[in-house]
Amino acid sequence: MSALRESPAWRALAEHQPGVAQLHLRELFARDPDRARRFSAEAAGWRLDYSKHRITDETLERLFALARERGLEARRDAMFAGEKINTTEHRAVLHVALRAPADAVILVDGENVVPQVHAVLERMAACAEQIRAGAWLGYSGLPIRNIVNIGIGGSDLGPVMAYEALRHYSERGLRVRFVSNVDGTDFAETVRDLVPAETLFIVSSKTFTTLETMTNARTAREWLLAAAEDEQAVRRHFLAVSTNEAAVNAFGIPTEQMFGFWDWVGGRYSMDSAIGLSTMIAIGPQAFREMLAGFHAMDEHFRTAPLERNLPVIMGLLSVWYADFFGAGTVAVLPYEQYLKRFPAYLQQLTMESNGKHVTLAGEGVDYPTSPVFWGEPGTNGQHSFYQLIHQGTWLIPCDFIAFAQTLNPLGRHHDLLIANVIAQAEALARGKTLDEVLAEGAPPELAPHKVFEGNRPSSLLLAERLTPATLGALVALYEHSVFTQAAIWDINAFDQWGVELGKQLALRVAEEIRTTDAELAHDASTNAAIAWYREQRGRAKTPSRRILVLDVGGNHVKVRLSDGEEGFKLDSGPDFTPEQLLAAVRRHVPDEAFDLVSIGVPAPVVRGRIVREPHNLGKGWKDFDFARAFGRPVKLVNDAAMQALGSYEGGRMLFLGLGTGLGSTLIVDGSVQPLELAHMPYRKHSFEHYVGDRARERYGLKKWRARVFAVVEALRDGLEPDYVVLGGGNVKYLDELPEGVRRGDNARAFVGGVRLWEIAA
Ligand SMILES: O=P(O)(O)OC[C@H]1O[C@](O)(CO)[C@@H](O)[C@@H]1O
């Protein structure tokens, strides 16, 4: 038998448990009207009501005795002193140093680490301010507006949770997203509507070797370079958070753009280190510091409060009580706060990667359950899902209810109802409903047993005034130290994670066996069969085909090109050209099986994929023509200028003017194409097109035409306030100079636009 099970305090608890197991919470409350007050404690803005637990004063005394016997206080002090308590990795465990005030002194190997922490925080703050002010520019000169954190585990869950939790305090002009899974869908869906020129990636990885993160980071690099076409762009669009400078540099991220942390910060304890850079960019340095202050307040409470009033200690001991003495295998975490929707997922790594261990610090097998499974969903959604089992199922599931007095989004009675629900759920779980009560309500006898609630289901109520950066920091620290307390009792190492290694190693081996399709398989029969199945399926599977036929229809020609073909070619069009002629010409030149999708740019106004007026410079029959039917393929129709514009687009708000037979015009705002038809709008004595179209150039001569183009650009720039203007179309070649700040488009970009039509909103 293990030393823990043989210890006097453990034995005392084991002897005491059957008596407590007989007691009902109804009875305990009835006996002691002061129970709620006596079994509540406060710290760092949080109030823990633990009166609805299946405990008596004696239980608590025995649990605190266990904590003392296991040397909890000494272990805690060793952590704060920077001792190498992560014995299997020979590391100190100092996430508490990440939130220590600047004048604190915490030594690791004789060196005070606090100044390093604050130096990194200052660099993070400078970077975050620059991005928030719109002063960090991407390769095309536009400000960064999208932040994508690439990381996994502790390099993802903390940042995601904190961003969601503190969204209310975030800069809404920035889009902050997270990619973690090696499943390509995660990356693809995350960047789907983002413009590379405005997107900054933060590659967050302590080791900078994690398979998932590095695979996603390389894909992000390719995605950026497909648009930027210049390696130099990587510097402007990538930051790194890591302890591995050499690997960061090898990726192409300079050291000035790397934010470091230290081996004494565990991944799941790192959301307040540089790993929180995305959080800081979202909420700003000041709010980030408030969050750190909240963490620190709870750290100080844990470090100094007597065990009997110490929130993390009480929570940790209760966890041990249920896991080891009631056989409760899980704990439900139920935040009644929508902003905390990712908190249960975050806690899963914190609790289970920390305390899901099977040997003691000395390497001996444990003969008692260690970490329970943590899970949960925000209230009230869970009530309409799994609460049934908590109320009437056969498992004992202690619950942590989390709620705030004030909502950040006051809306009618919503918050009163939310809080009424959390209070009522805790009451219902504790109290239950007896058979007599059910019958007294008039339930038919045969139905009565179904309506009985045993009650006596334990829960904690964690309450704070308001969700702020500080209360969030304190909440996370509360759970961190609760985890520490449990590990101290169980005599396990909460700071290593050897359990994730075997799967990683085997995945590498299997990946290689999939790649080299003929390598002999030497796993068990089931594993061999799964690999063989995938090899076969993979060989057969056709990547969903997306070969796009792009048709750029103009007044004189139609340019034709296939997305997987070589050079494009031209067909003749003209003032009598009809859609039927277009179809016939395409069929003559392009085999039907050569494409799956069609993009068509037409010199006519197109609204929501429909031609709304016949083109001026072509024949009749274009409006309402059913191209999808005629081609037998999905077709996207767009105005020809819009198609070229889409190909020239580099983010932000772009006005595109196409100088050709007529005047094409398109505005693209944040990737969304806004149809415009400015050509025939009144301008001076005629219309815009009258002054800058092909006929005007022929009639008035180049000099006048150029001056008029400049005047039209100016007028439209004043009216539409774009970030930049691109002048495209065939006639842009007649302009030697361009108005200031205007870029020259390239006709060939129409093809790119045609392909992009299938990627972004139009
Ligand atoms: O930050 P890294 O080194 O990419 O590691 C990510 C995660 O992988 C683990 O090492 C194992 O899952 C976690 O502890 C860690 O949070």
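Glycine is no exception: its Cβ is also placed from the backbone N, Cα and C atoms.
Since this is a predicted model, take the numbers as computed values, not measurements.
Annotation source TrEMBL lists active site, proton donor at GLU353. If you look up TrEMBL, you'll see HIS384, LYS504 marked as active site.
If you take the Cα of GLU353 (active site, proton donor) and the Cα of LYS504 (active site), they are about 15 angstrom apart, rounded to a whole number. Of the recorded residues, HIS384 (active site) and LYS504 (active site) place their C-alpha atoms 37 Å from one another. All protein chains included, LYS504 (active site) registers 11 other Cβ atoms within 10 Å of its own Cβ. When other Cβ atoms within 10 Å of the Cβ of the residue listed as 'active site, proton donor' are tallied across all protein chains shown, the result is 23. Its own atom aside, the Cβ of HIS384 (active site) has 9 Cβ atoms within 10 angstroms in the protein chains shown.
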